[in-house]
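What TrEMBL says about this protein:
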BINDING   26-33, 143-146, Val172, 180-183  ATP binding site
ACT_SITE  His33  active site, proton donor
BINDING   Gln57, Gln149  (R)-pantoate binding site
BINDING   Gln57  beta-alanine binding site
Amino acid sequence: MQVLTTIDAVRTARARFDQIGLVPTMGYLHEGHLSLVRRAREECGAVAVSIFVNPTQFSPREDFSRYPRDLERDLRLLEAEGVDLVFTPAPGEIYPEGFGTYVVLPAADEVLEGAARPSHFRGVATVVCKLLNIVQPTRAYFGQKDAQQTVVVRQMVRDLNIPTTIVVAPTVREPDGLAMSSRNTYLTSEQRAVAPVIYRALRAAAQSYQAGERDATCLRQQIADLLASEPLVKPEYISLADPMTLLELDTIGARGALISLAARLGSVRLIDNLLLD
Ligand code: PAF
């Protein structure tokens with residue numbers, strides 16, 4: 001496994017492979033990331049993983065400096081998965097002095113995570129665009145847990161004619177249903193014990209949908225009521241939106257819906273979602 005810190009070294013190493021899959025990450029890897037690595041290996045043969053805590057996708061009041069990092073452990077896990085290339089650039093390699101070009105998708109900033117985290121998707125789209133240009137992967141792999149990120153990345157790739165296929169893999173969950181996330185490590189044991197209510201609430205709404213409920217207001221209310229049963233869990237938004245435009249729905253139609261929410265447990269902000277189709 002080659003561990004590379006410069007763009008030049010990645011370009012040279014990349015040239016050895018015909019097809020390669022890229023798994024972009026911010027490190028502190030968990031089973032969700034590793035499932036993407038395995039899928040990339042199955043589908044592309046060779047796998048590159050980037051580990052870069054991207055400063056531009058954090059707002060000044062967010063957790064950039066305390067975002068969990070453990071490069072040694074990450075490298076051990078990736079080595080065991082047979083990864084070919086790991087790209088771990090310093091911030092100055094990605095954003096050198098004089099850097100001034102960003103990828104902006106204005107519609108993304110109006111809804112869900114974009115509305116809650118101004119400039120977050122500008123940072124995500126910019127860094128993903130740069131990583132795709134640097135590694136030039138055949139396919140790039142993202143988890144469904146960051147649903148809006150997958151919509152943003154797919155649109156950017158389409159709009160900018162980037163010749164990489166975007167693959168979105170299902171959310172990997174703990175046995176009690178909590179979606180895996182590097183941020184779960186911030187939860188106290190008390191918060192961790194109640195966090196699975198998030199998935200239970202999403203599942204309950206999905207079951208109502210399967211039983212024929214199409215009124216989005218009723219489904220949002222059902223989720224809100226279930227979350228209210230755990231006072232430590234404070235919902236920030238509960239959304240039932242069109243899965244492509246992410247605009248809120250009154251009634252769920254033929255395209256189904258993305259049902260998603262963000263909730264705070266103390267200072268920890270968790271997101272999760274399910275697709276209704
Ligand atoms: O999902 C993430 O970990 C990040 O948003 C990504 C895609 C690696 C970009 O920094």
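Cβ atoms are placed via backbone N, Cα and C, with glycine included.
On a predicted model such as this, the values are computed, not experimentally measured, just so you know.
Distribution of TrEMBL features across the structure.
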residue	record	Cβ neighbours (10 Å)
Met26	ATP binding site	18
Leu29	ATP binding site	24
Gly32	ATP binding site	20
His33	active site, proton donor	26
Gln57	(R)-pantoate binding site	21
Gln144	ATP binding site	19
Gln149	(R)-pantoate binding site	23
Val172	ATP binding site	18
Ser182	ATP binding site	19
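The closest partner of Val172 (ATP binding site) among the recorded positions, by CA position, is His33; the full candidate set was His33, Gln57, Gln149. Here the candidates are the recorded positions His33, Gln57, Gln149, and by Cα distance the one nearest Ser182 (ATP binding site) turns out to be His33.
Between Met26 (ATP binding site) and Gln57 ((R)-pantoate binding site), the C-alpha separation comes to 11 Å. Rounded to a whole number, the C-alpha distance linking His33 (active site, proton donor) with Gln57 ((R)-pantoate binding site) is 19 angstrom. Proximity of the recorded positions Leu29, His33, Ser182 to ligand 1, judged by a Cβ distance under 6 angstroms to any of its atoms, singles out none of them. A straight line from the CA of Gln149 ((R)-pantoate binding site) to the CA of Gly32 (ATP binding site) spans 15 Å.
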